[in-house]
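Colleague: Below, the features straight out of Swiss-Prot:
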type	residues	note
ACT_SITE	D7	active site, nucleophile
BINDING	D7, D9, D162	Mg(2+) binding site
BINDING	D38, N39, Y43	substrate binding site
Amino acid sequence: MRVILFDLDGTLIDSAKDIALALEKTLKELGLEEYYPDNVTKYIGGGVRALLEKVLKDKFREEYVEVFRKHYLENPVVYTKPYPEIPYTLEALKSKGFKLAVVSNKLEELSKKILDILNLSGYFDLIVGGDTFGEKKPSPTPVLKTLEILGEEPEKALIVGDTDADIEAGKRAGTKTALALWGYVKLNSQIPDFTLSRPSDLVKLMDNHIVEF
């Protein structure tokens, strides 16, 4: 195993409150406050369009995506923070020589901005978003293209995420997969190769050679 790919929301960072805040402002601007859900976290993971489609259903309009992005870009890191142990885990993996990358369904620019503000971007060899390659997870394309840029084969890679989209993308790309149980965890049909209760479990997984190097 030479490269580890990370999802962003619900894996590296807890961004639920800021996403909920942007959604609240969006619905208020559109006069659709009554559609604000009780639990925003269950809609996170597929990107802005998917979030709004699930929340608004037949009331969704394409132009609402930009309204949400406007509000989110204004304040992307009010409450957002890395999960406990994430900085330690990234530091430990980097010191062991692993290539690290972020494969998010968020916009690339926004993903980079958030990681910069949180002082995490320096750990990663590559950061890509849902708009980088024209396809989002669960498509395997973002995973395969990221590995291609890094010069690595899928068999030498592990993807860590908290949703079906992450696990399916990894499996379709031919990587090993690990479910981040500390995240928003939306797993239905996909079965990961590994489950991680806390970020530091990933370091132990590598140290114990459970995954062949």
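Each Cβ is built from the backbone N, Cα and C atoms, and glycine gets one as well.
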Colleague: Could you state the CA-to-CA distance between D162 (Mg(2+) binding site) and D38 (substrate binding site) to the nearest Å?
Modeller: 20
Colleague: Tell me, how many other CB atoms lie within 10 A of the CB of Y43 (substrate binding site), whichever protein chain they belong to?
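Modeller: Y43 (substrate binding site) is surrounded by 20 other Cβ atoms within 10 Å.
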Colleague: Determine, using Cα-Cα distances only, which of these binding-site residues is closest to D7 (active site, nucleophile): D38, N39, Y43.
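Modeller: Answer for the nearest of the binding-site residues: Y43.
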Colleague: Including all protein chains displayed, how many Cβ atoms other than that of D7 (active site, nucleophile) lie within 10 Å of its Cβ?
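Modeller: The answer is 28 other Cβ atoms.
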Colleague: Return the residues near D38 (substrate binding site), defined as same-chain residues 6+ apart in sequence whose C-beta is under 8 angstroms from its C-beta, sorted by sequence, else 'none'.
Modeller: none
Colleague: Whose Cβ lies within 8 Å of the mean position of the Cβ atoms of D7, D9, D162, the Mg(2+) site, other than those residues?
Modeller: L8, G10, T11, L12, I44, G45, S104, G161, T163, D166, A180, G183, Y184
Colleague: Give the helix, strand or coil assignment DSSP yields for D9 (Mg(2+) binding site).
Modeller: strand
